[in-house]
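Here the structure comes first, spelled out in structure tokens, and everything after it is commentary.
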Amino acid sequence: MKLRHARSSRLLAVASLATAAALALSACSSSTEAAEEGEPAAATSVTITDNHGEVEVPVNPETVVALDNHVYQTLSDWDVELAAAPKGLMGTLWPEYRENDDVFDVGTHREPDLEQIVAAQPDLIIGGGRFGGSYDDIKAQNPQAVVIELAPRDGEDLVEELKRMSTALGEIFDHADEAQALNDDLDAAIAGAKEAYNGEDTVMGLITSGGKIAYAAPNDGRSVGPVFPALGLVPAIEQTAEDESHGDEISVEAIAQSNPDWLLVLDRDASFAPENRDASAVPADELIAGSEALQNVTAVQNGQIVYLDANFYLREDIQLYTELFTQLKDALSAS
Amino acid sequence: MSLVKDATGQSGQGTPVRKSGRSPVLPTASRVATDAAEATEVSPAPRAKVWPLALATLVVVGLLATSLFVGAYDVTNGELGAEMMWITRVPRTVALLLAGAAMAASGVVMQMLTQNRFVDATTSGTTEWASLGLLLTAIFAPAIGLAGRMAVSSAFAFVGAMTFMVILRRVVIRTTLVVPLIGIMLGAVVSAVTTFLAVQTNLLQMLGTWFMGSFTSVVRGRYEVLWVVAIVTLLVFLLADRITVAGLGKEVATSVGMRYETILIAGTALVAVAAGVTTVVVGFLPFLGLVVPNAVAMIRGDNVRSNLPWVCLGGVALVTVCDLIGRTVRAPFEVPVSMVLGLVGCVVFIAILMRSRYRG
């Protein structure tokens, strides 16, 4: 496998050199040819604003590399093919990318294999998310490609960020209507959940991993935090996060003392291979609903615990947030 | 805390300084032997002074009682509070007691067996081996349960500790600092393997959460296996005299008719079980086995048997104080005990290092 990849990437490198040369030679002529063929008036490129400013992006780029976990579901729904992606961060999702040998594996953000991106010779690279730290490297290594980052920015309203993202993707991949539908669905789900919330119940966000419970702060806590401002939820404990992505260590005592009416739980370990998961990585359900110390908490007594989708940690995309808000609306109106 | 302060504060008095030509930089390696010999000879002396030990016990009991009444939940709040006491506070306090005593006691054993002041489970690579074992159970036998996990973890810790001992024997230059350096290097190699495996299996974050030494998740039903280390501590007490003799080196031990190898293996096994079990239940407790025995030895000399109660008390006191700090400093959230312990331990450890340099 490794060997095959190495060889194929070397071949590709040679091929890329040849293509580059050929392109350089035929650059002027090909553009005029295209115009002469009388293509319909569809724009060949579109200017979008990404996290770094205005970028001109080709519409429906031929070769796309995506590194941001927020976009896979959208691209998958729109049948966009990928030339390279971080397969290690896809859990058991998107088999068309993960199990496709034509898609180069960029590894994970902890151990990125950025050469695979170069080998894929992309026209467009959607970076950001977990790969945000590699932006400069990627840009330098792929001068021929347009590199954009659309991932939600820190400190911005997540809902707006998600919508901005799908709008941009819609323009690039010529699926503006579908993008609009995604945004409308999200707005509708939020409006529904807002209406179902009584405005008084206290809510606490939790992240579980490796048998331990962590507190996800309102606003900036991983996955769960943005739900608070979107719905105007009352937090059971008002405190800013020290560790935004992994949560702050909290004891069952503190949860019991603050006695939240609702719990929003992200099971971080659930994303990775649930079938052979570690036994001590107690499923969140057992860790919270099964906890002796939490039996008198309103949320546990009334079964008012909302567990996020098992793959939420891997995706965090607009589709899952829409689902989450719908899930919340149903739970809130059922109580 | 008070014990530790005493230990570092009372520089100048304490054990008599003795000169030895064997180690040029720090005299500790040889002093373990000589001090131990002297302490064994005059062992009746400390017996006359029982009250300091009683006082120290009282302080530790006070700390443990404080631990029972400090926390996010209002335990004075009627029946629910009383129930919470038994669900979280008592288990947590018991865990502090067991882990503190066992890790400190196994530090003494390690230091005696290697004849080196700077060795404990964390500086000999033993905890790293324990965590490798733990990760392997997570990958290959996820359904093995807590007890099986601990058995595997302890077995790996034993292999690690023995590897360290074997390598130590082959090393010719054994100055004081080379010995823990070898241990730290071994540990680094093993933890590199562990990290690699964890990255490959997407378990890296879980691994981090796991080994972050913390008593936060210690509740009824999730800590009971920690009682195993009570047996370890007890056995260390029973073997104390032999371990002291083993600390004089192979030649001396053999010449007084002791089965050196047996004690070596038994001692290593005890350390391995203590390290394995605490790693699985609580996580890494850095410096505990290093700082406490050193502080005690500095004040009282090196008789393992008469020092052991002090070492255990010191270990419990240190870990309890650190946990109390961790519990209160960001209440209602908690700071992992390993973080506080690392900070406090670092300062004390440097103080000890500086002091032995002056004395040398």
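For all residues, glycine too, the Cβ spot is worked out from N, Cα and C.
Annotated region 'Disordered' per TrEMBL: B:1-38, in sequence order.
If you look up TrEMBL, you'll see B:50-73 (among others) marked as transmembrane segment. Under 8 Å from some Cβ of the transmembrane segment (B:50-73) lie the Cβ atoms of residues 2-3, 81, 84-85, 88-90, 92-93, 96-97, 309-310, 313, 316-317, 320-321, 323-324, 327-328, 331-332, all in the same chain and six or more residues away from its ends.
Positions annotated as transmembrane segment by TrEMBL: B:94-114 (among others).
According to TrEMBL, the feature transmembrane segment maps to B:129-148 (among others). Sequence-distant contacts of the transmembrane segment (B:129-148) (same chain, at least 6 residues past either end, Cβ-Cβ under 8 Å): 154-157, 159-161, 163, 187, 190-191, 193-194, 197-198, 201, 203, 206-207, 210-211, 225, 272, 275-276, 279-281, 284.
The transmembrane segment feature in TrEMBL is assigned to B:155-172 (among others). With a threshold of 8 Å between CB atoms, the same-chain residues lying at least 6 positions outside the transmembrane segment (B:155-172) that come near it are 110, 113-114, 121, 124-130, 132-134, 136, 178-179, 182-183, 186, 190, 264-265, 268-269, 271-273, 275-276, 279.
Residues or ranges marked as transmembrane segment in TrEMBL: B:178-204 (among others).
Marked as transmembrane segment by TrEMBL: B:225-243 (among others).
Annotation comment: TrEMBL describes B:263-296 (among others) as transmembrane segment.
TrEMBL lists B:308-329 (among others) with the feature transmembrane segment.
Feature annotation from TrEMBL assigns transmembrane segment to B:335-354 (among others).
Within its own chain, the transmembrane segment (B:335-354) has Cβ neighbours under 8 Å at 4, 7-8, 212-216, 282-288, 290-291, 294-295, 298, 318-319, 321-323, 325-326, 329, counting only residues six or more beyond its boundaries. Under the criterion of 3 or more C-beta pairs below 8 Å, with sequence separation of 6 or more, the transmembrane segment (B:225-243) and the transmembrane segment (B:263-296) qualify as touching.
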